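Visitor: Just lifted these from TrEMBL, have a look:
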- 243-428: domain 'Major facilitator superfamily (MFS) profile' (DOMAIN)
- 27-48: transmembrane segment (TRANSMEM)
- 60-85: transmembrane segment (TRANSMEM)
- 97-117: transmembrane segment (TRANSMEM)
- 177-204: transmembrane segment (TRANSMEM)
- 243-261: transmembrane segment (TRANSMEM)
- 281-301: transmembrane segment (TRANSMEM)
- 308-328: transmembrane segment (TRANSMEM)
- 334-361: transmembrane segment (TRANSMEM)
- 373-397: transmembrane segment (TRANSMEM)
- 403-421: transmembrane segment (TRANSMEM)
Amino acid sequence: MSVPASQTHTHTTTSSTMSALRFHKSFLILLLARMVTRFGHSIDYIAYSWMVYQLTGSKMLMGSLFAMNFVPGILFSLFAGVLVDRLPKKPLLVMTYAVRFVIVALTAFLFIKGWILPWHLFLFTFLNSTFECFSTPAETSLVPRLLPKRLLLSGNSLITSASRVAELAGLAVTGPLIAWIGLAGAIWGGSGAFLVSALIVLFIRIPSVRKEVGPSLKATEVQPLRFWQQLKQGLQFVRSERILLYTLSTSAVINMGLTPINVMQPVYVQEILQAGPATQSVLGGAMTLGMILSGFGLGIWGPRFRKSTLIVSGCFLLGTGQICLFIPSSTSILPLVIAGCGAFASGLALPLISTTAATYMMEAAPQAMLGRVSSVSSMVGMAFIPLGSVGVGAAGSFVDVEWLFMSAGILVMIPPIFLLTQKKFMKI
């Protein structure tokens, strides 16, 4: 199902669309909870990656552990989506945030006691990601219930930008935090963010009458269905929507192309830039800053463009940014500046792809089915990440790390070339 570009234009200006978000208090509360979560996650991300590297010193194990983040999504996303559509969203979010707090806090406790082993990291990563399978579609399902259709792109863009602001703050403090209180202390701090988010979600008020965004279900589709019937219904809907399949496939390739920067960033910083955690924070900050600026720009000016144009442009920009990360290996002229520009360009690209695709999904899917459709989207997007992560980890033992970034840049430019040939997609 395509959404004509003309539908994105209303009598209100894009700036008034952004300012109108302030009147939707429950959406802003959800946004705040999301920001706190991302702040803690960014601390955990850097602290955790260095903890793994310290414990094992193995690039292969680093890639395997990163891949473990996505195994639960592949295994459980479809089932989680059905349950999310059945369960009340607010209690579900509170529970998942609280459990993730316990898991991360336990990791810090074992590490500070000197009891943690590599298999603990795999187990905790698996459990943490399993609960994220429920929180992600629950968050997605709440947005169109809290905002009208005309505010979806601006709302999603604000979520992206605000989340990145929180991540940037987390990245900025992580290096000094590790130097001051150590890895365990940093992870303790990151775990507390999940508990705070759980408390914030308690203040969300979900309207009793939902603001319908997506197409309505047929009368025969709103009757109570068994679990497996609901699962089949969600899969059939996604399979019937060719444009949705294009966006999901593009997301899968993009996520696979991002595995080098996700898995090998500590190695890249240490071997290519000859630096440590502080420099990794700088690169992460540059990428996050790009996402912040892109997200705000998308919220203000995005409705003026076709969604297809935004997605295709984002893919080409992301490929360019990844290729830029190759350059510091072949020149001694301002390597950190060049790497920072590559990370910044990659950050600019990501909201153009992910936020636009998520907005189209919210418009195309019936609201009562959004949890399932979101879960299918997550599963497809993550499908090749474990394979790519293990492959990148293994390749890192035989291939110079900079060539992994070059390959990633070329890979993410393949989907937009195909999409340019699809007339129906280019009309959305």
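For all residues, glycine too, the Cβ spot is worked out from N, Cα and C.
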Visitor: For the transmembrane segment (308-328), what are the same-chain contacts with Cβ under 8 Å, counting residues 6+ beyond its ends?
Guide: 247, 250, 254, 257, 260-261, 268, 272-273, 298, 302, 335-336, 338-339, 341-353, 356-357, 402-403, 405-406, 408-413, 415-416, 419-420, 425-428
Visitor: With pairs 6 or more apart in sequence, are the transmembrane segment (243-261) and the transmembrane segment (27-48) linked by at least 3 Cβ pairs under 8 Å?
Guide: no
Visitor: Should anything in the same chain at least six residues away from the transmembrane segment (177-204) have a Cβ under 8 Å from its Cβ atoms, list it; otherwise answer none.
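Guide: Residues 26, 29-30, 32-34, 36-37, 39-44, 46-48, 50-51, 54, 90, 93-95, 97-98, 100-101, 104-105, 107-108, 111-112, 142, 146, 170, 277 contact the transmembrane segment (177-204) from elsewhere in the chain.
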